[in-house]
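> I'd like to ask you about the structure that follows.
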Amino acid sequence: MDFTEAYADTCSTVGLAAREGNVKVLRKLLKKGRSVDVADNRGWMPIHEAAYHNSVECLQMLINADSSENYIKMKTFEGFCALHLAASQGHWKIVQILLEAGADPNATTLEETTPLFLAVENGQIDVLRLLLQHGANVNGSHSMCGWNSLHQASFQENAEIIKLLLRKGANKECQDDFGITPLFVAAQYGKLESLSILISSGANVNCQALDKATPLFIAAQEGHTKCVELLLSSGADPDLYCNEDSWQLPIHAAAQMGHTKILDLLIPLTNRACDTGLNKVSPVYSAVFGGHEDCLEILLRNGYSPDAQACLVFGFSSPVCMAFQKDCEFFGIVNILLKYGAQINELHLAYCLKYEKFSIFRYFLRKGCSLGPWNHIYEFVNHAIKAQAKYKEWLPHLLVAGFDPLILLCNSWIDSVSIDTLIFTLEFTNWKTLAPAVERMLSARASNAWILQQHIATVPSLTHLCRLEIRSSLKSERLRSDSYISQLPLPRSLHNYLLYEDVLRMYEVPELAAIQDG
């Protein structure tokens, strides 16, 4: 049933007269002995109507008609008594009459709301004073979640009410069901004046909610720069961990949410143990996670490591690995990390294959990603197998750059990739001098693949063997550079041959130079 809308056909004649403040009609009805406790669809009786609509004379008549405390304390279906309704509307005279007639200043609704809370919520300071004079409890819960009047006044930034509540003994460290104090509320919602009053009254700037969040953390998260400045100048600790795992700090919140001014405030005050410390999480991860290039650059410019530490919390070995999940900001983030010296390794190449970012794969190769020795061969091969359907977009670049194809010739690669991909891999080897174990695996795969049988049965040409020999004498960083190969004192045809132009043409792989995009 809807308790918020009044249905006229459910209201008694006495209730209607009280609602309209029609003293003459009400007097006649009472003389006729009409009932004063008939409720409408909301459970509202005539006394509720008179209190809500500020019908002072009607209220007096109703109380005189039934002066028992039970009538004065009668509640609507939502648990509101007449005092709640009058307090919410700021009807000072009505509140005074009800209190003097025995209304309970600490009565609660079904949601545990008191008249005091409603007066605060609606900014009714005169009613608030009156309630306090009659014994209203300034402390304790005034709503179902434990949020009380000081929380509400801080949220609404009503300075006069906050000061009054504090003078009357309101507990400045009171907590709701989530462990949140009024000062925390002020910090969370950017209520600078509320925050200043509470700090001046001695409220704890380093209080923590049940989830360990601090006022400084929440202000940094929400981007309230002035509140952050005030908290820091008042002794808020930027190194107080704000989660159970003891790694999250205000600097992480600012970096993740993109609040550059707050980040500038926190960097010089935050202990650098979070940068690369064991079991910590660098705020560089937070900036990458939030996709904020400006925050990332600020952190790196101030000396934070672009490689950070392995982040088990997010499941990434480096900020570059995390960047792969940020599609729209990916290029900018990666470029910034590389600009400040981020190390690229095989895991990053593997992520390129996993997310099919082949242009980045080629870009990482040009940027000097190490091609060996590798510590994560299994992860790379696993993602390479899954990306082998599009091998022409990445494998030629890897092999031409000097990657040892023998690393790929493991059981999983030989058994899983297409015959075309497998033969292409063999083109970069002397397939007649492979290890016996590799030969056995190839023979097993070739047993039902005639093309593979034919290929491994042929003898590599002398020119191919010479190519392998020349390339083996060059370091991979030189093989990556077309310009270096072209400067060798050899005919142009040999330059092209060293770059496997014949193989690329045979497999219809686009010219490497034509797809060296970033």
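A Cβ is built for glycine as well, from the same backbone N, Cα and C atoms used for every other residue.
Note that the structure is a prediction, hence the values are computed from the model and not measured.
This is the feature table in Swiss-Prot:
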type   : residues : note
REPEAT : 9-38     : repeat 'ANK 1'
REPEAT : 42-71    : repeat 'ANK 2'
REPEAT : 78-107   : repeat 'ANK 3'
REPEAT : 111-140  : repeat 'ANK 4'
REPEAT : 145-174  : repeat 'ANK 5'
REPEAT : 178-207  : repeat 'ANK 6'
REPEAT : 211-240  : repeat 'ANK 7'
REPEAT : 246-275  : repeat 'ANK 8'
REPEAT : 279-308  : repeat 'ANK 9'
REPEAT : 315-346  : repeat 'ANK 10'
REPEAT : 348-373  : repeat 'ANK 11'
DOMAIN : 441-504  : domain 'SOCS box'
> Using DSSP, what's the helix, strand and coil tally for the repeat 'ANK 1' (9-38)?
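Taking each residue of the repeat 'ANK 1' (9-38) in turn, the totals are 19 helix, 0 strand, 11 coil.
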> Please average pLDDT over the domain 'SOCS box' (441-504) for the predicted structure.
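Here the mean pLDDT over the domain 'SOCS box' (441-504) amounts to 88.
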> Answer yes if the repeat 'ANK 7' (211-240) and the repeat 'ANK 8' (246-275) have at least three CB pairs under 8 Å among residue pairs 6 or more apart in sequence, and no otherwise.
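Answer yes, regions in contact.
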> What does DSSP give as the helix, strand and coil breakdown of the repeat 'ANK 10' (315-346)?
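So the repeat 'ANK 10' (315-346) is made up of 16 helix, 1 strand, 15 coil.
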